[in-house]
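Chemist: Dumping the structure here so I can ask a few things about it.
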């Protein structure tokens, strides 16, 4: 088994995991699988994280001054795009580009197993919520197998190019038993799985840190997957945010 982060550099992180788990290598593809263009600004909590090299991860606005993302997306500083639909749009109406210099990983984040894969990023200024920029509540109830949830992101397409427009895909939550069976020995209770259906719908590299929304709440963050994306019977892994509500609230209140 090879597990890879859902970042553009997921292959490199996957190779690190091979050394730990003794897993065999397999090919990696990079995209949201079998998705479609989201309706413009239908996911107003979606954030895009940029470094000097360009877009590298997604995030989620959970407070006017705080964005959640995957811990493996950590950088020293960020430009955070909010209210974006078209990544290539120049000054898209209703969007903001904000600097952020403070990010706090969960103290128990485990690289390379991806346990507790979340961090909070504090924007240098608060945003005023609008039709295009709006925070989303973090789920307090854990996901139920069979729930239909929506994942969104700008991960690479089948042709290897990044999409201009935000992509959306509906996935079904897998059982804990299935997730544990497929991802041992790196499986952890901070994770849940979704996807893996015969329709081959999936998240993939480039989608890391982005939202999976169930029942109008932020249920999780795109974290990692196993080998090639979109394999029937192989769901991807998401950070299980219902386990972290107290930590999230404490960090926001004390920083």
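A Cβ is built for glycine as well, from the same backbone N, Cα and C atoms used for every other residue.
Summarising the annotation, Swiss-Prot assigns Zn(2+) binding site to 41, 92. Sequence annotations record features per position, and here Swiss-Prot assigns disulfide bond to 57-73, 149-214, 179-193, 204-229 based on sequence analysis. The domain 'Peptidase S1' annotation in Swiss-Prot covers 32-253 and is backed by sequence analysis. Swiss-Prot lists 124, 170 with the feature N-linked glycosylation site, giving sequence analysis as the kind of evidence.
Could you place the listed features in the three-dimensional structure?
Modeler: Taking Cβ-Cβ distances under 8 Å and a sequence separation of 6 or more, the neighbours of residue 92 (Zn(2+) binding site) in its chain are 83, 84, 85, 86.
Mapped onto three states, the DSSP output places residue 57 (disulfide bond) in strand. All protein chains included, residue 57 (disulfide bond) registers 29 other Cβ atoms within 10 Å of its own Cβ.
Using a 10 Å Cβ-Cβ cutoff, residue 149 (disulfide bond) registers 22 neighbours.
Taking a C-beta cut-off of under 8 angstroms and a sequence separation of 6 or more, residue 179 (disulfide bond) has the following same-chain neighbours: 187, 191, 192, 193, 235, 237.
Secondary structure at residue 229 (disulfide bond), taken from DSSP and collapsed to helix, strand or coil, is coil.
According to DSSP, residue 124 (N-linked glycosylation site) sits in a coil region rather than a helix or strand.
In the three-state DSSP classification, residue 170 (N-linked glycosylation site) falls within a strand.
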Chemist: Once the chains shown are all counted, how many other Cβ atoms turn up within 10 Å of the Cβ of residue 73 (disulfide bond)?
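Modeler: Within a 10 Å radius of the Cβ of residue 73 (disulfide bond) lie 27 other Cβ atoms.
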Chemist: Taking Cα atoms as reference points, rank the recorded positions 41, 73, 124 by distance from residue 170 (N-linked glycosylation site) and give the first.
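Modeler: Nearest listed residue in space: 41.
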Chemist: Closest to residue 204 (disulfide bond): which of the disulfide-bonded residues 57, 149, 214, going by Cα position?
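Modeler: The smallest Cα gap between residue 204 (disulfide bond) and any of the disulfide-bonded residues is with 57.
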